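Asks: Sending over a structure as structure tokens; questions will come in a sec.
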Amino acid sequence: MINIILLITMIVLFVLVVIGSLYFLVYFQHEEDKNTAWFPKIVVILGLSLSCFNVLLLPMDVINRNTQGGLNIFIALEIFLMATAGFVLVIIPFSIFYYENVDDGRHPIRRAIIWTFITFFIFALIIILLYLFVGKAEIEVTLLQGGTIPETDPVQTTPCTLNCSRKYGFWDVKVSVVVYIIAILSFAGWLLFMLFGGIGIIAIPLDLILGWVHRPRRIKLEQYARYKTDINRRASDLLLDARKIDESRRIGKGSKMKQRRKYNEFRKAVFFLEEDYKNLNLAYKEFGGSPVKHFLKLLLGIVSLVVSIIWILHIILYMLPKKPISLFMNNYLNSLDDAFSLFGAITYGIFSFYLLWAVVKGNVKFGFRIFFFSVHPMRINGTIMSSLLFNTALILLSSITVSQFCAMAFADYARLTSFDMLYGVQVTNLQGFRVVWKVFTDILMGIIGLTLIILIIKPRDRSKNKILRFHK
């Protein structure tokens, strides 16, 4: 029998997620895009909502198990994940290609369809080939064998003592195409999650705390004039750089990789210039800005530091050892569920969404330091639509991996659920992937450690002489 209260709770949660995604779009979209680009905006809202559904289904699955809610979460999980695949492979690429070419006037729809078809065809070809040859799950089982006696013979001994034996082996099970598509997307998401998530787990608290340390402070008119002169000089230099880049592209000077590197370097310089201009006005015209906002940034930095430390400890104690040293967060979530089911769900949501935030943060952090990599920072009322689409695709693809990672990290909390059946049994044991997931976790910890060392040595994204220090 279906638990009506649980069903209503899930419906309300999904409505709140859609409203939250709409607010996210309004909060970050560029002012020039407010009354345009409606199709990409719908894609962003639905894409962000799907990513939230992918993550939040696990605690709902646990509640459904504990209360015998009668909801078929496995079907809902497959539907959301396949919808995610459609967005990642078709809808978002089409939106990005169309939005980037709409101003050229050279058949943007046709070009978007062609490039989207190429993307989808390559992925479909990979899926078909891999599924035909290795589309099986190798599930580890225990084989028990024992002797038998005729029913007519008197029972003089225990049958289990007659040549009984135990051995371990693997049971090959052909998985569905849907499960295999989910696994391949999760594999692709892991490549992003390992790099960007590992960087972001360290970068989030560090940047928030440094943002408070180097916050804009009230300055005098003389300082304002001096800083503004410096900004004007940098702006003039960037205008000259822009003309040189445009000229190089027009005459075809240099390789495309070199041109892209120069353009990315130019974009990042413009970003930092705009940030400095905004902070300069904040320091002089608004007397350093609201102290409450600065304090909240510090508070958020401290909270995120605690969350990052807990995640690192949980990975070390529960995920890395072959036999977990401690259940750690699993015990905590189970205790919260025993008190009130939604407490566990809320806590899980905080820790899982923190990982998605880490992926976005790590992508920006990596992009600011690697010039051949395009950066798509999220800025309040200043994020262009192509950057919103890019980050939506990044969050969507990573949400599949985060779901799997959380199913692995909270395996005891999620036992005997649909998530456990999908990720813990089928995806984890796919032929050719059994060792990969474990290695990915090890690499993630390695990147976290390496990022910690690098950011301790060089915490800022640019050299000291290019940073305005308003408090001096």
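Placed from the backbone N, Cα and C atoms, the Cβ positions cover glycine too.
According to TrEMBL:
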TRANSMEM  6-26  transmembrane segment
TRANSMEM  38-59  transmembrane segment
TRANSMEM  71-100  transmembrane segment
TRANSMEM  112-134  transmembrane segment
TRANSMEM  177-210  transmembrane segment
TRANSMEM  298-320  transmembrane segment
TRANSMEM  340-360  transmembrane segment
TRANSMEM  388-411  transmembrane segment
TRANSMEM  435-457  transmembrane segment
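Each of these features: where is it, how hidden is it, and who are its neighbours?
Replies: Outside the transmembrane segment (38-59), and at least 6 residues removed from its termini, the chain residues within Cβ reach (under 8 Å) are 13-14, 17-18, 20-22, 24-25, 29, 73, 76-77, 80-81, 83-84, 87, 91-92, 95, 98-99, 344-345, 348-349, 352-353, 356, 385, 388-389, 392-393, 395-396, 398-400, 402-403, 406-407, 410, 414, 417, 419.
Sequence-distant contacts of the transmembrane segment (71-100) (same chain, six or more residues past either end, CB-CB distance under 8 Å): 2-3, 6-7, 10, 37, 39-40, 43, 46-47, 50-51, 53-54, 57, 60-61, 64, 108-109, 111-113, 115-116, 119-120, 123, 178, 181-182, 185, 385-386, 389-390, 392-393, 396-397, 399-400, 417-419, 421-422.
Under 8 Å from some Cβ of the transmembrane segment (112-134) lie the Cβ atoms of residues 89-90, 93-95, 97-98, 101, 177, 180-181, 184, 430-432, all in the same chain and six or more residues away from its ends.
Distant neighbours of the transmembrane segment (177-210): 78, 81-82, 84-85, 88, 123, 126-127, 130-131, 135, 297-298, 300-302, 304-305, 308, 311-312, 354-355, 357-363, 365-366, 394, 397-402, 404-405, 422, 426-427, 430, 433, 436-437, 440, 443-448, 450-452, 455, 459-460; these residues of the same chain sit at least 6 beyond its ends, with a Cβ under 8 Å from one of its Cβ atoms.
Same-chain residues lying 6 or more positions outside the transmembrane segment (298-320) and placing a CB less than 8 Å from one of its CB atoms are 201-202, 204-205, 207-209, 211-212, 326-330, 350-351, 354-355, 408-409, 441-442, 444-445, 448.
Residues 25, 28-29, 40, 43-44, 47-48, 50-52, 54-55, 57-58, 81, 84, 87-88, 92-93, 95-96, 99, 182, 185-186, 188-190, 192-193, 196-197, 314-315, 318-319, 329-330, 333, 348, 351-352, 355-356, 359-360, 363, 376, 378, 419-420, 422-424, 427-428, 437, 441 of the same chain lie 6+ residues outside the transmembrane segment (388-411) yet bring a C-beta within less than 8 angstroms of a C-beta in it.
Under 8 Å from some Cβ of the transmembrane segment (435-457) lie the Cβ atoms of residues 187, 190, 193-195, 197-199, 201-203, 206, 312, 315-316, 319-320, 404-405, 408, 428, all in the same chain and six or more residues away from its ends.
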